[in-house]
Amino acid sequence: MKLTIFALVACFFILQIAAFPLEEAATAEEIEQGEHIRVKRVTCDILSVEAKGVKLNDAACAAHCLFRGRSGGYCNGKRVCVCR
């Protein structure tokens, strides 16, 4: 019983120490200045797959463009999504 209580108290203190914020953490202003990376090729590179004879070549790009209010889209030679 004493070992169980000791283990619970030790876990509590370890979790409390881990929950403290780091003093070196970046502020919101530092993050906004240039930490964002925008990859425009993700719909054409990663989501253009073929599985069991079904090809989803430009379907993700077309769905992305339809979601943005365009009439569709395609992947160009550089594998970048181009909306119509």
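For all residues, glycine too, the Cβ spot is worked out from N, Cα and C.
Out of Cys11, Cys44, the record in Swiss-Prot bonds Cys75 through a disulfide to Cys44.
When the candidates Cys81, Cys83 are compared with Swiss-Prot, only one is recorded as disulfide-bonded to Cys61, and it is Cys81.
Reviewing Cys11, Cys65, the cysteine that Swiss-Prot connects to Cys83 via a disulfide bond turns out to be Cys65. One residue stands out among the disulfide-bonded residues Cys61, Cys65, Cys75, Cys81, Cys83 for having the most other Cβ atoms within 10 Å of its Cβ: Cys61. DSSP assigns Cys83 (disulfide bond) to a strand in the three-state reduction.
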